[in-house]
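Taken straight from Swiss-Prot:
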REGION    1-22  region 'Disordered'
COMPBIAS  13-22  compositional bias 'Low complexity'
TRANSMEM  69-89  transmembrane segment
TRANSMEM  101-121  transmembrane segment
MOD_RES   Ser207  phosphoserine
TRANSMEM  244-264  transmembrane segment
DOMAIN    253-317  domain 'EamA'
TRANSMEM  269-289  transmembrane segment
TRANSMEM  297-317  transmembrane segment
TRANSMEM  328-348  transmembrane segment
TRANSMEM  362-382  transmembrane segment
TRANSMEM  396-416  transmembrane segment
TRANSMEM  421-441  transmembrane segment
TRANSMEM  453-473  transmembrane segment
Amino acid sequence: MVPPRHHPGAGRPGALSSSPPFRLRSSKFSGIALQDLRKAFKIRLQMVCVFIMNRMNSQSSGFTQRKRMALGIVILLLVDVIWVASSELTSYVFTQYNKPFFSTFAKTSMFVLYLLGFIVWKPWRQQCTRGFRGKHATFFADAEGYFAACTTDTTMNSSLSEPLYVPVKFHDLPSEKPENTNIDTEKIPKKSRVRFSNIMEIRQLPSSHALEAKLSRMSYPTVKEQESLLKTVGKLTATQVAKISFFFCFVWFLANFSYQEALSDTQVAIVNILSSTSGLFTLILAAMFPSNSGDRFTLSKLLAVILSIGGVVLVNLSGSEKSPGRNTIGSIWSLVGAMLYAVYIVMIKRKVDREDKLDIPMFFGFVGLFNLLLLWPGFFLLHYTGFEDFEFPNKVVLMCIVINGLIGTVLSEFLWLWGCFLTSSLIGTLALSLTIPLSIIADMCMQKVQFSWLFFAGAIPVFFSFFIATLLCHYNNWDPVMVGIRRIFAFICRKHRIQKVPEDSEQCESLIPMHGVSQEDGAS
């Protein structure tokens, strides 16, 4: 009978099978290692969560910007359709009632319908009450400072105060004694002491961050109430909107009057083509008076505008059924209207930096009110000078003017300004070029107008300039023309590489004496 085999180290102290002290220490070490592993896993999980949240926030912000751009493009396309239909209806009205000033005055005065919002919309009435603002005076002051800080392009380091160095007082905690003294403490690793600096740096955030700090310390219902107030304080007051409307009332009326005069002298397609030159004026004015980063001047934007201007020249050289003299007058009125439209959109975007800051219906409501109160003496001036005789239209023409004013002016101008705020001022003005193919089709179908090949050759570059400007603004002022010029310049003027020449002693010098090594090898 063969006796059972025993492990060679089974009877020695400290063996795995029979040593209780080692089993106790190993279990303690495994517990400590498990706790460290859990802490490391928890920290790593938190880091992953933070990384995912940051990625989601960055993607959501980019998605929001893409949604704003897409919504603005859709709105501008809808405005183009409305404008072409309105232009055709205006041309029909001018065949029976050629009064551009009366038509412009009547349609602009219809903006006053937006002021009915003071009756049906409570936030508008709250902006006119002093008690509402006085009740929350402290919050409004903090919020105004917050919005003022948001509009400025400053970094966090520049907004911090000067550093203040204060000595640090450390309080050493009493060392904790282990509960179980039977455990071998010699095997437990000692915690390393970390030495900190005796001086700490203190910087104070600016007062513009007081609103966020205050909201972070409030309860959830209070925060929701303050957020509703924040939406109100972020907008301009009724008095401020009225002041802006008073200035832009004259600019907008002259721009629209020039457009109406152009429609009375030439075809709709030619007027829309020449009106697209507002992109050039917008590019120049936006570079001089930028409202945001999207208005920055780039060489690619200039090339897109030049492409549009080249198409405009071809369109102007094309023949049409009307006399050349009236075409010239209509072209001049179109260019004047394009310049005034550029002044209008650039200045209003510089005055109001965000679309949620200005109540667009209230703005146009005050424009209609000031137009109705201040511009009526123009009838007497034009009548007695013989430029336009005053005559009241018949019922059919009056109905066409009312419908055209409500849809082609009141609704379309609101949508166009909203689309400009969602995209950029350059895209909003170049959106006028998209009325070209629609107006061509409308003139050919309704008025049987024949255009030469120069007209179509000029319409194509004007049409594509809009999409070029949209892509450039979408990709954060991407300037491929400047990038290409820089690469070509770098390729032509590149420096020749220094090549190794055998006569150069420094290049041939070796740090290791190879001849010595070869001699030793040869000797061996």
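Yeah, the Cβs are placed from backbone N, Cα and C, and that goes for glycine too.
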Residues of the domain 'EamA' (253-317) by DSSP state, where helix covers H, G and I:
54 helix, 0 strand, 11 coil
Determine which recorded stretch among 69-89, 101-121, 297-317 has the most C-beta pairs below 8 angstroms with the transmembrane segment (453-473).
297-317
Summarise the model confidence on the domain 'EamA' (253-317) as a single mean pLDDT, whole number.
77
Determine which residues of the chain contact the transmembrane segment (69-89) at the Cβ level, with the cut-off under 8 Å and only residues 6 or more beyond its ends counted.
263, 268, 271-272, 400, 403-404, 407-409, 411-412, 415-416, 418-423, 427-428, 431-432, 434-435, 438-439, 442, 446, 470, 473-474
Check the transmembrane segment (269-289) against the transmembrane segment (328-348) for contact, please; criterion is three or more CB pairs under 8 Å, pairs 6 or more apart in sequence.
yes
Using a Cβ cut-off under 8 Å, which residues of the same chain at least 6 positions beyond either end of the transmembrane segment (101-121) come close to it?
90, 93-94, 128, 252-253, 256-257, 260, 359, 361-362, 364-369, 371-372, 375-376, 378-379, 382, 388, 390, 393, 401-402, 404-406, 408-410, 413
Six or more residues out from either end of the transmembrane segment (244-264), which same-chain residues have a Cβ under 8 Å from its Cβ atoms?
87, 90-91, 94, 98, 100-101, 103-105, 107-108, 236, 271, 274-275, 330-331, 333-334, 336-337, 340-341, 343-344, 347-348, 351-352, 358, 363-367, 369-371, 374-375, 409
